[in-house]
């Protein structure tokens, strides 16, 4: 089985079939609607897992076939799965499942449904899905649609002022992206979403009072519909991606050139803006041949360079940045992959080694923590079930952790 999980599980968001927290990785359970009579079935192979995203109490897994599996709280439909009349699942989805009703074309008529997707993101109580609508007739132009599910009190759905909950099955955001534009990347924080389009423009909606959607939107506090982020055209580079913290956004350019910038966190409480300058990181990235990825937690930024080094800054009161102390990864060990959760970090060192640090009160950093629930000033090596395949990736959410095996 390719996916293992540990950490917070009060709403079944780990997909283990129950709602108890676990501190040792346990095998996730996938159930396909078409095979419901057979019960448990295996998920796609680990190499097929493209992305894992998590809201406050729900999790979404996107695979290479475009299928999205969801687990966790579903009282407002954020998992896209109809409530079962029988069987007792109710508002919690405790095993990973695909939506049985799929997502309707709510914005265009015609009754079309979408069951495969190219992008996925999650706010605290909502889900964002990107679907490609390929041309069906000669002369028609392919386009992307952005759907939202679940709820949000501060514009997280992008459906307009006062729309706090999406209708069952999901709703397409009207007139977005603009005609002729495709979605290149989507990312969400607790209360905001950012989308990068094919022309390099950056759009967003949701909470805006800390500048996470650009300083021009701070006075509005909430952006209720997708809005182009002013100034994004003057970044000095072409945007290719984004990563969202709790109250800030990292706009990503060309990793080979070390390009990125940070929006938001205007109070700079945790040094997101002042901790390390973008020019310093860019210099390091250029010496390393670029960066592999940029990961963010609620209050931290982690730039994973091509040579394996990680440049990190932000909040560190719970051990979220182990590189500030003399932490030894082990002889010859370098970070292969990183995943940042709400207040914790996972790193894959090789095919058999995953380590974690930061806030681990719910078991998301393994079984060994201090009295405050932290793994601080060190790494925890995560115990893995014996006899499993090689580890190919890691994921992290809101006090949740994931290990992907081949």
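Note: Cβ is positioned from N, Cα and C throughout, glycine not excepted.
So that you can see what the record holds, here are the features copied from TrEMBL:
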DOMAIN    3-401  domain 'RCC1-like'
REPEAT    1-65  repeat 'RCC1'
REPEAT    144-199  repeat 'RCC1'
REPEAT    200-255  repeat 'RCC1'
REPEAT    308-351  repeat 'RCC1'
Same-chain residues near the repeat 'RCC1' (308-351), Cβ under 8 Å, at least 6 residues beyond its ends: 54, 246, 270-272, 275-276, 281, 284, 288, 293, 295-302, 357-360, 364-365, 372, 374-379, 382, 390-402
Roughly where does the repeat 'RCC1' (308-351) sit in mean pLDDT, to the nearest integer? 89
For a three-state summary based on DSSP, what are the helix, strand and coil counts in the repeat 'RCC1' (308-351)? 3 helix, 16 strand, 25 coil
So, by DSSP, how many helix, strand and coil residues make up the repeat 'RCC1' (144-199)? 0 helix, 23 strand, 33 coil
For the repeat 'RCC1' (200-255), how many residues does DSSP put in helix, in strand and in coil? 10 helix, 22 strand, 24 coil
